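Features as listed in Swiss-Prot:
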CROSSLNK  LYS160  ISG15 cross-link
MOD_RES   SER61  phosphoserine
MOD_RES   SER157  phosphoserine
MOD_RES   SER173  phosphoserine
MOD_RES   SER184  phosphoserine
MOD_RES   LYS210  N6-succinyllysine
MOD_RES   LYS216  N6-succinyllysine
MOD_RES   LYS268  N6-acetyllysine
REGION    164-198  region 'Hinge 2'
REGION    164-294  region 'Self-association site, tail'
REPEAT    1-67  repeat 'Filamin 22'
REPEAT    71-163  repeat 'Filamin 23'
REPEAT    199-293  repeat 'Filamin 24'
Amino acid sequence: GTRLNGAKGKIDAKVHSPSGAVEECHVSELEPDKYAVRFIPHENGIHTIDVKFNGSHVVGSPFKVRVGEPGQAGNPALVSAYGAGLEGGTTGIQSEFFINTTRAGPGTLSVTIEGPSKVKMDCQETPEGYKVMYTPMAPGNYLIGVKYGGPNHIVGSPFKAKVTGQRLVGPGSTNETSSILVESVTRSSTETCYSAIPKASSDASKVTSKGAGLSKAFVGQKSSFLVDCSKAGSNMLLIGVHGPTTPCEEVSMKHVGSQQYNVTYVVKERGEYVLAVKWGEEHIPGSPFHVTVP
C-alpha cells in the first residue's frame, strides 16, 4: 500500500520483470490515500515496481519485489542446448536442437537465428524443455543465440551453425534475423521419467519419407531424401540401391536428430533403379521406390 497524505492527483505504476518485460498491473484505491498495486508475475526473480504520483516517484519507489524462491529465477547458467541443428544443416531441410530447462526454474526463452536467410522457426515443448526447429534457405554461417530468463545467453550461446546446399531464396540482405520468444513454466526433472516408458516395438507403417531422391537422380550427382522414423518405435533403418549393372557408388545415411535420417546416394549410370528402404525386416510405405536416372 502507498500513503499520500491527502494530496490530489494521479497515481500510476509500472512493473518491470527480470527479463525487462513490462507487466500489466492494476492500481486500486483500498481506502482514501491507500493504494494497492496488483500484477500477475510470469517469471521468477526480482521485479521492479515504479510508483509515481503526478509523474514523480513516491518515497521508496522503485520498489523491489521478489517472485519465487531465491535462486529459482530463470537462470541461464543452468540451461543447456544440444542437437545437430546447433552445428549445421542443409538448405530446405529442417534442422533441430533441444533446450533443457529442467534445472533452471521458469523464465522467458528467446531464440534468435541470424544468417544469410530468414529461417522458418518453430518450437515445441518437451518434458525437458523445448525442441526448436528451423529451416535455413541459403548456405552460410548462422549464429544461433539462446537466452533465458532475461538478457543473458545460456552456456555455449551464441552457437555457430554451418549450412550447406543450394540457395533457395533470391538474394536478400546479407544478414537476416528470425526470432521466437516462449514464456516458460516451471519444469522439474521428475517429468523426464515419462520418457522411460518403453516405446512400442517397431511399426514400419509409421515411417515417413520425403525428398526428390525418392523418384529421380542424375549421374554423378548427390541425390537425397529424408526418412522420419520418430513414430515407428525401435529398429534399424536399412537402405539398398539396386541399379541396371553398376552398383551404386556411395550410399550414406546420417542421423540428423530424433530418429530422422538424411540419406544421400550417387549413381554411376543411366537407367531404372530400385531403392529399398526398410525399417528392420519390413519395407516402409512406398518402398521399394522406382528411380529413373535420365
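Here the Cβ of each residue, glycine as well, is placed from N, Cα and C on the backbone.
Shown on the structure are the features that Swiss-Prot records.
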residue	record	DSSP class
SER61	phosphoserine	coil
SER157	phosphoserine	coil
LYS210	N6-succinyllysine	strand
LYS216	N6-succinyllysine	strand
LYS268	N6-acetyllysine	coil
Response to the item:
Sequence-ordered list of residues in the chain of SER157 (phosphoserine) that lie 6 or more positions away and have a Cβ within less than 8 Å of its Cβ, or none, is ALA81, ILE144, GLY145, VAL146, LYS147
Practice prompt. Take the Cβ of SER61 (phosphoserine) and count every other Cβ within 10 Å, whichever protein chain it belongs to.
Written response: 16
Worksheet item: Given the recorded positions LYS160, LYS210, LYS216, LYS268, which one's Cα is the least distant from that of SER61 (phosphoserine)?
Response: LYS160
Worksheet item: With DSSP helix as H/G/I and strand as E/B, how many residues of the repeat 'Filamin 23' (71-163) fall in helix, strand and coil?
Response: 6 helix, 49 strand, 38 coil
Item to complete: Find the one among the recorded positions LYS160, LYS216, LYS268 whose C-alpha lies closest to that of LYS210 (N6-succinyllysine).
Response: LYS216
Worksheet item: By a simple count, how many Cβ atoms lie within 10 Å of the Cβ of LYS216 (N6-succinyllysine), its own Cβ left out?
Response: 12
Worksheet item: Which residues in the same chain, at least 6 apart in sequence, have a Cβ under 8 Å from the Cβ of LYS268 (N6-acetyllysine)?
Response: VAL219, GLY220, GLY243, THR246, CYS248, GLU249
Worksheet item: Using a Cβ-Cβ cut-off under 8 angstroms and a sequence gap of six or more, which residues of the chain neighbour LYS160 (ISG15 cross-link)?
Response: ASN141, TYR142, LEU143, ILE144
Practice prompt. Mind giving me a neighbour count for LYS210 (N6-succinyllysine)? Other Cβ atoms within 10 Å of its Cβ, every protein chain shown.
Written response: 12
Discussion item. Suppose you look only at the repeat 'Filamin 24' (199-293); what would the mean pLDDT be?
Written reply: 87
